[in-house]
4 protein chains.
Amino acid sequence: MSHNSFGHMFRVTTWGESHGPAIGCVVDGCPPLVPLTEADIQGFMEKRKPGQSKYTTQRREPDEVKILSGVMIDEDGVQKTTGTPISLMVENTDQRSKDYSEIKDRFRPGHADFTYDAKYGIRDYRGGGRSSARETAMRVAAGAVARKVLQGVTIRGALVQVGPHKLDRGNWDWTEVNNNPFFCPDAAAAAQWAEYLDGVRKAGSSVGAVIEIVAEGVPAGWGAPIYGKLDTDLTAAMMSINAVKGVEVGNGFESATLTGEENADEIRVDDVGRPVFLTNNAGGVLGGISNGDPLVVRFAVKPTSSILTERKSITRQGEEVDVMTKGRHDPCVGIRAVPVGEAMMACVLADHFIRHRGQVG
Amino acid sequence: MSHNSFGHMFRVTTWGESHGPAIGCVVDGCPPLVPLTEADIQGFMEKRKPGQSKYTTQRREPDEVKILSGVMIDEDGVQKTTGTPISLMVENTDQRSKDYSEIKDRFRPGHADFTYDAKYGIRDYRGGGRSSARETAMRVAAGAVARKVLQGVTIRGALVQVGPHKLDRGNWDWTEVNNNPFFCPDAAAAAQWAEYLDGVRKAGSSVGAVIEIVAEGVPAGWGAPIYGKLDTDLTAAMMSINAVKGVEVGNGFESATLTGEENADEIRVDDVGRPVFLTNNAGGVLGGISNGDPLVVRFAVKPTSSILTERKSITRQGEEVDVMTKGRHDPCVGIRAVPVGEAMMACVLADHFIRHRGQVG
Amino acid sequence: MSHNSFGHMFRVTTWGESHGPAIGCVVDGCPPLVPLTEADIQGFMEKRKPGQSKYTTQRREPDEVKILSGVMIDEDGVQKTTGTPISLMVENTDQRSKDYSEIKDRFRPGHADFTYDAKYGIRDYRGGGRSSARETAMRVAAGAVARKVLQGVTIRGALVQVGPHKLDRGNWDWTEVNNNPFFCPDAAAAAQWAEYLDGVRKAGSSVGAVIEIVAEGVPAGWGAPIYGKLDTDLTAAMMSINAVKGVEVGNGFESATLTGEENADEIRVDDVGRPVFLTNNAGGVLGGISNGDPLVVRFAVKPTSSILTERKSITRQGEEVDVMTKGRHDPCVGIRAVPVGEAMMACVLADHFIRHRGQVG
Amino acid sequence: MSHNSFGHMFRVTTWGESHGPAIGCVVDGCPPLVPLTEADIQGFMEKRKPGQSKYTTQRREPDEVKILSGVMIDEDGVQKTTGTPISLMVENTDQRSKDYSEIKDRFRPGHADFTYDAKYGIRDYRGGGRSSARETAMRVAAGAVARKVLQGVTIRGALVQVGPHKLDRGNWDWTEVNNNPFFCPDAAAAAQWAEYLDGVRKAGSSVGAVIEIVAEGVPAGWGAPIYGKLDTDLTAAMMSINAVKGVEVGNGFESATLTGEENADEIRVDDVGRPVFLTNNAGGVLGGISNGDPLVVRFAVKPTSSILTERKSITRQGEEVDVMTKGRHDPCVGIRAVPVGEAMMACVLADHFIRHRGQVG
């Protein structure tokens, strides 16, 4: 086991702290002969990159990915994976560690400061160290590799709730997602959220969000009972993202309120005799195995804990103090969780694709 | 990796089908010198056992656990674990496989029939085979062993929602949980639920539920960043239970609607200088590591898919048919998920206890 | 991780003590649709079974394997694997625990008594408990399942050295292996060994041995760099067998004495243009990946530690004592290691077959 | 699982090719508060570094290690581990990829060229790519971290055989090991080996070797039955080193020739009542668990396959050719395997230290 790895056959190990010289990851188990360049990855890095709008942290990082191993230019001049581990690295450039010196001995409420200290007796306080959302940059990089493995699978994500403002699903338009800084699939809602989040930002406050990730094109049969379930792995992947407090698949918590008649997805065959589910309450998975329908996962992100209001806390030495986080932060950390959620979905699917192919042939 | 194992240092592997000769599990990594008898386990088996009220399946299984390995009576006559794998087995006695013969070639909507067939090209249709909730009996058995490892930790669960009926948390009384067939911590709500579920049962229908599991006495420091988070493992453990569609920790999905000021738990010190969190919105975990507060996890269980109403489906051969499940089933499978959720919590905590002790000493 | 499991995608977990009610294993990850009956396994159990000649322990166990899960009779009446975990169990019948009561508090030199006690503070002394070679019965059972997965691969083993008596490899005849109680591929040598071992047995002594396992039909490409090497896994598998003290592949330790010119296997093409290695010094593996030639692994087994001569030892309480093991034992435990080594080879190959198919397709 | 990771709780993942921009590793699971600087690691890198004598490859690499994550300077100014993953990197500087262009389409006999190509259909031919011994630099780096974790344990290695020349163990003097370019613990033998290897080098030939690694100070109790045995893990660790063809523990293959009376280590108590083994035939491990005596492991390294004599081979296209490796190479690659073997011993022990502490407390 490894505390900093996820996946089994497509396995990602990340390393690095928010204010260290660099962050990186090793992608092990990627099949050979997959075309892969830095440009393939960079596009996804841009989507998650901080400092792109006033609604996310103002830290400015180029987030330029380097591939240090695992690829080779073949005879046709195409760079491809070789089956060996792919090492990816991003140098940190805009660390302002001074911003954090005053919280060196103080536990910021809602942050991992207290628990890291309780566990390890030492803690990299600069920018949250290892517990910073900066680590998710490498998830996005690994996810970009995973997407290349998953030919025929489309993975997309959207913000579906900001604070109390839920999306009207009837207005869902995937083409809108990249037209606003919120990955919101509804232009009108995006405008409303902009106004709402301006208020949150100006108040030095923060707010939570809900993200939905959808994968289309996954054939029936991926996943495995009992502790290798596709939805278990997807749920764990999302839950491992910073600040996530809940995950659901398909109807999720709403399914608790339904009857068996309402909830089970009926089956028919289409014109060419292929099975068709008439609804997708299951979110594309039954008994831990994909059923061919879109995989639908949602997760809730808590409000950023770093806010400009003083909160009660204590020092490492046990003195009571009031803590206000200065530094640079996201009024809604959930926004940048969209590309991260997509990446986690991609990594889990690449893993299960390889596992399935191995076990069933 | 193993599709039928969970945990790393305290590792449980289950095996067996609903209508096979027996089901069982191997608990590997249990520390030595832990007092353990079959009676320690049997009490928890009784709690989950089918056929105990009209609200759960009428299958009648004694669910008598045998310990086949891993224990030894010491010089004082106390049976203790030896550090070697503990094999637990329960013989199946009340299989009525005939009940299922007519669904041999039909996929029951909402069940894993379709996906197992899509994956493996063969499927044990008798009682759902491996996908049956019968497997959870062994989780409960393993959980009983885990509890013995976790001295000082109390793990309790309750049903907090049945269909649309949510509990009023102000009436929560743990002592009520074993006074009704629903593990409901509110006598008045239990009475109401009884009436509601009678209706569901008579209609041959089913309904979903939400379960809450709480662990008290876990010290600060268990868990680990980034992919070994305590809440990730707890979430995955719950999600792996049959019919679970959503999991949340602490405030969970509600945290999406809160501001940073509302959500972060403030810290003070108590009379003897120990840190005290003034609230527990986090559900006892920050940055993937326990903070000393009670761990609080909730999960949603979908309505039982086996109902007495005909639903549209297809056969293995692709013909359209209507399927009605006869057999014996739970009107609310969520009820029996309470002891299962407790067991999963216990297993995850035993695992993290050992991992923490190893890494930090 | 698990201390009692091996393999990754074809994963075997064993349990049980020498004098407990039963021993067993769970085979997880076996592909579906593999024909499998108890008879397929029983033949291999017979080969390893104790009490078959005067050269092995006189314990008499029927070693009758039961399949408790993971198989299903299909429409054609053929019992096949379903992709779910296969639970195998053998009941112990001929435990004579009294034989061991006097070593309850004494550490037998050469045995694991001292170290189990040092580690766990408790130890099942009856017949060696978990450290007994009885555990290897389940390896053989799992190996029989693995063989069914490995269509086209032939795995055979032979004893190539008993005490100082090495086989003359020029006389190697695989058909002789089952004609003598030593799995010796040379009838003349077998006769010589019989005489030699009669002397060892009558003296209450014991002697070591070397076993060679060969797998033919493995295609080029199985295995993986760097820590997933096929030869690493084969070596570890053999080293995990009781009493094994050394393992080598191909030329093994002899390769230390050779020059590069002598050792590297040259390559040509055959009539139909396929690559042919002119020699097999490598033992069928290069860079951790199979090259299509026979896989050749040898391992050394130390002499049985249980002998009828008194040896210096101590008690659990630290008193100096002389220990002589009564009970029933093997004059040459290496003999019965032949089918065990074959089984380990089969399990490792089944694992790598699945891993390779997953990663490369 | 991961093909490029080893260890469970102290887990090392390496990446990088011989002629890529850099090589590196991630050490995950290192306990916190362990003092660690680049200088702690660099000393061991120097020992393995190429180009230090005419007996090893003339490639000149500074092998300067950078720590990119996982450490923090504490209040006392001491840099310590924080419990988060430690990323180590070494930039490659002296790649002369042109040397290898002519073997782009040819399989060098004895190398992994053929098998990588058979497996992946693509291969980084420059300097052997991933299969190069260059990867072992990162094992040495990780081993240096492991040594810091293992307070009280001394790990040393020596070359005990070069080609046909075995060491006379009676002359063993650890202080000589660093006085000659062979890690030979006998000055007289070293002089003899120098002469012998000069001849091998001038002939453009190569020769094999045997290395012995000894760990002193390991307490009784580390390791675990059955598939988590300390000697199994040590054996696998050594076998995973490039060009290793055999591994043995304690008496190893010689134990096959001994009787039970000769081989079992007798036990007495010392002046203060502690157990003492009178011999160490076992090599410090019984039943997979350390017994408190020095751990003794030996492994055989085959002769370097790159030699200046033409050998028969084929091209990727299946044409028969003669291949002579130019480039820069080791006449005896076994020499540099000494620090690598030490590092592997250190990593395995750090892993088992943490596992033991976790399971037994």
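First residue shown is number 1, and so on along the chain.
In case you wondered, yes, glycine gets a Cβ from its N, Cα and C as well.
Taken from TrEMBL, the feature NADP(+) binding site covers D:R48, D:K54. Reduced to three states, the DSSP call for D:R48 (NADP(+) binding site) is helix.
Annotated FMN binding site per TrEMBL: D:R130, D:S131, D:S132, D:N242, D:A243, D:G287, D:K302, D:P303, D:T304, D:S305, D:S306, D:R328, in sequence order. If you draw a 10 Å sphere around the CB of D:R130 (FMN binding site), it holds 29 other CB atoms from the protein chains shown.
All chains included, 29 other C-beta atoms sit within 10 angstroms of the C-beta of D:T304 (FMN binding site). Distance from the CA of D:K54 (NADP(+) binding site) to the CA of D:A243 (FMN binding site) is 20 Å. Comparing Cβ neighbour counts within 10 Å across the binding-site residues D:R48, D:K54, D:K302, the minimum falls on D:K54. Of the candidate binding-site residues, D:R130, D:K302, D:T304, the one lying closest to D:K54 (NADP(+) binding site) when CA atoms are compared is D:T304.
The Cβ neighbour count for D:S306 (FMN binding site), using a 10 Å radius over every protein chain in view, is 26. Among the binding-site residues D:K54, D:R130, D:S132, D:A243, D:K302, the ones with a Cβ under 8 Å from a Cβ of chain A are D:R130. Using a cut-off of under 8 A between C-beta atoms, the binding-site residues D:R48, D:K54, D:R130, D:S132, D:K302, D:T304 that neighbour chain C are D:R130, D:K302, D:T304. Reduced to three states, the DSSP call for D:S306 (FMN binding site) is coil. A gap of 18 Å separates the Cα atoms of D:R48 (NADP(+) binding site) and D:K302 (FMN binding site). Every protein chain shown contributes to the tally, and the Cβ of D:S132 (FMN binding site) ends up with 22 other Cβ atoms within 10 Å.
Using a 10 Å radius centred on the Cβ of D:A243 (FMN binding site) and all shown protein chains, the other Cβ atoms total 23.
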